[in-house]
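Before any comments, here is the structure.
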Amino acid sequence: MSSTVGQTIKCKAAIAWEAGKPLVIEEVEVAPPQAGEVRLKILYTSLCHTDVYFWDAKGQTPLFPRIFGHEASGIVESVGEGVTHLKPGDHALPVFTGECGDCAHCKSEESNMCELLRINTDRGVMIHDGQSRFSKNGQPIHHFLGTSTFSEYTVVHAGCVAKINPAAPLDKVCVLSCGICTGFGATVNVAKPKPGSSVAIFGLGAVGLAAAEGARVSGASRIIGVDLVSARFEEAKKFGVNEFVNPKDHDKPVQQVIAEMTNGGVDRAVECTGSIQAMVSAFECVHDGWGLAVLVGVPSKDDAFKTAPINFLNERTLKGTFYGNYKPRTDLPSVVEKYMSGVSLLTQ
């Protein structure tokens with residue numbers, strides 16, 4: 001890879017030219033990393049529903065042409081000026097949110113919302129100079145979430161890249177760069193259920209299953225999966241879900257169904273769908289006095305959360321989280337080590 005350092009690389013990428021139109025595999029040019037940036041050779045990338053959501057561009061700001069992808073793993077090809085924690089050959093995970101290390105959020109133990117590198121779905125260029133590192137025949141192609149991993153090579157801000165154990169299987173740990181950490185962290189870092197407690201998980205996709213696993217390792221005794229697709233329930237049992245509710249099977253709001261199942265509501269709820277209706281249901285299904293709901297899914301930009309103020313006055317708590325409250329550079333390497341040692345997460 002050393003022969004490409006400082007040079008523009010030509011490689012294949014999946015380009016979205018228009019909203020909702022099929023991606024096209026084409027050759028693109030990837031410029032060298034500038035100050036504070038890293039160029040990665042992407043070896044594995046997975047498809048997150050967020051990619052589909054913004055490709056479809058319904059309820060979001062359209063920005064095309066664009067290279068999507070943000071859940072991936074790879075090897076550092078080269079680094080820009082000032083980058084010291086990474087070097088060519090390092091195994092790494094790019095993350096859609098970052099850690100500059102200097103701002104108030106990065107210095108806080110309670111936040112991972114870096115002022116410089118927090119998630120920005122509308123930005124399609126690099127922070128350093130406001131330019132894209134991707135082009136085709138001279139036409140710039142927008143980045144996505146600062147990662148754009150649907151390309152054989154990509155340029156990412158160094159603060160959004162976590163160096164990991166080179167022994168970790170990159171085809172497995174790539175999902176730690178988004179979905180698994182997002183769901184698992186939402187439960188263990190934000191909801192923090194106590195042993196013997198009850199937890200409702202809204203949405204049993206990859207993020208929801210990770211959230212359920214977080215409830216299982218936390219010692220929750222009742223883990224209630226909520227999903228509109230009953231076929232997901234069997235797989236969810238492997239991640240600790242022991243009760244199931246399909247809202248379509250009931251003629252009353254699902255929050256009422258759960259409240260009746262649990263003598264007033266669950267102790268914790270984690271919403272992993274992005275549906276505003278599911279978000280409201282997750283909040284309204286927690287027990288008054290101590291119940292806490294955590295919102296994880298990304299809603300449409302025009303959605304509004306509406307609930308009766310009395311639900312707050314009755315001492316229910318609502319929180320949100322990006323990336324499960326994990327700091328990418330600080331926390332992700334240890335998460336990978338936990339996987340390597342067989343502790344939960346992807347060891348199913």
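Cβ coordinates come from backbone N, Cα and C, glycine included.
Quick look at what TrEMBL lists:
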- 35-164: domain 'Alcohol dehydrogenase-like N-terminal' (DOMAIN)
- 206-336: domain 'Alcohol dehydrogenase-like C-terminal' (DOMAIN)
According to DSSP, how is the domain 'Alcohol dehydrogenase-like C-terminal' (206-336) divided among helix, strand and coil residues? 58 helix, 22 strand, 51 coil
Here the mean pLDDT of the domain 'Alcohol dehydrogenase-like N-terminal' (35-164) is 95
Using DSSP, how many residues in the domain 'Alcohol dehydrogenase-like N-terminal' (35-164) fall into helix, strand and coil? 15 helix, 40 strand, 75 coil
